[in-house]
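Taken from TrEMBL as is:
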TRANSMEM  12-28  transmembrane segment
TRANSMEM  34-52  transmembrane segment
TRANSMEM  59-75  transmembrane segment
TRANSMEM  105-125  transmembrane segment
TRANSMEM  131-148  transmembrane segment
COILED    183-210  coiled coil
Amino acid sequence: MMKNRLIGMRTIKTALVVIISYIVSSLINEELSFALIYAAVICVETSVVSSVKIGYNRVLGTVIGGVIGLIMNYVPLYGGITMAIGIIITIMFTNLLNIKKATGIAITLVVIIIIGSSDTSPAIYAMQRTLDTIIGIVIATLVNMMIYPPDQMRMVRESFEHYKHTAKEIVSEVLLYDIDNGLATLTKELDDFREKYDSLSKELKILKKYDMEDYEYYTQMIEASEKVLIYTEAISLSDPDVKMTADNNQKLTKILAQDMKQTEFVDLDSSTREDMIFNYNLAKLISALEKILRVRVVRTDQN
């Protein structure tokens, strides 16, 4: 377990990208290109789609950095001032084009070009470094797509299972002990589940390599999981003296596998307004909980 944590697939991919970039740089340049290797290293992403999207943005950022670096090379100012102005302009352009993740690589290229090489004209040097950077981005993107691409469906599945376990615990704490400290944890885990699901959605549109039945299932689970959090939060704000109905108590005892420790129940005729609101929220919570905790039966094709 510790080994997996220390050396994950992204680490291995990054090392592979460095080796490939080193070889490519040696073949196409007289000397090793920092721009090529640096660009390749920082473009290794956690998903195929993010790798392609960010790779595209960084290519655009690279072109911006190359053009600005070239222009600033001809500005007759002290080197440090030229560099500072070039960086400011680069940041402005990447912000305007909403490619902030490309800012770092664009700035790096501006600096590399302004420092330049005394043996080459600024225009040729700028084009060489821009091309090197684009090659590095392409290498990283291809490696991420072809070498053990991240399994987004597995990540969604694991995140959902974790959320389910936590939701059951937090709901029990809120209803039995009126403890709502765990709601922040539940919110965080729902955010993680939603983030993984969003990454899967983006990847599915491009790669279409996952089972649509699985995807539709987790689409429903996202909705149910959000309801669990919403209604748990609502119940945590209820008056401590409210009473639940016998029907809600019976369902909760079954779902949570715990005695709810209720001795007095309320019916519709004797309910106060607070009781009615509480039991309405509780019924909605029970329905959502049943949905996410239900054991899923996966259909298999029979020959």
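Note that Cβ sites are derived from N, Cα and C of the backbone, with glycine treated the same way.
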Give residue numbers and ranges for long-range contacts of the transmembrane segment (12-28): same chain, 6 or more residues beyond its ends, CB-CB under 8 A.
36-37, 40-41, 44, 132, 135-136, 139-140, 143-144, 147-148
With a Cβ cut-off under 8 Å, give me the same-chain residues at least six positions beyond the ends of the transmembrane segment (59-75) that come close to it.
39, 82-83, 85-86, 89-90, 93-94, 97, 99, 102-103, 105-114, 116, 122-123, 126-127, 129-130, 133-134, 137
Against which stretches of its own chain does the transmembrane segment (34-52) lie, if we need a Cβ under 8 Å and a gap of at least six residues from its ends?
10, 13-14, 17-18, 20-22, 24-25, 58, 62, 104-105, 108-109, 112, 129, 132-137, 139-141, 143-145, 149-150, 152, 199, 202-203, 206-207
Intrachain residues whose Cβ lies under 8 Å of the transmembrane segment (105-125), provided they are six or more past its termini
34-35, 38-39, 42, 58, 61-62, 64-66, 68-70, 72-74, 79, 82-83, 86-87, 90-91, 93-94, 133
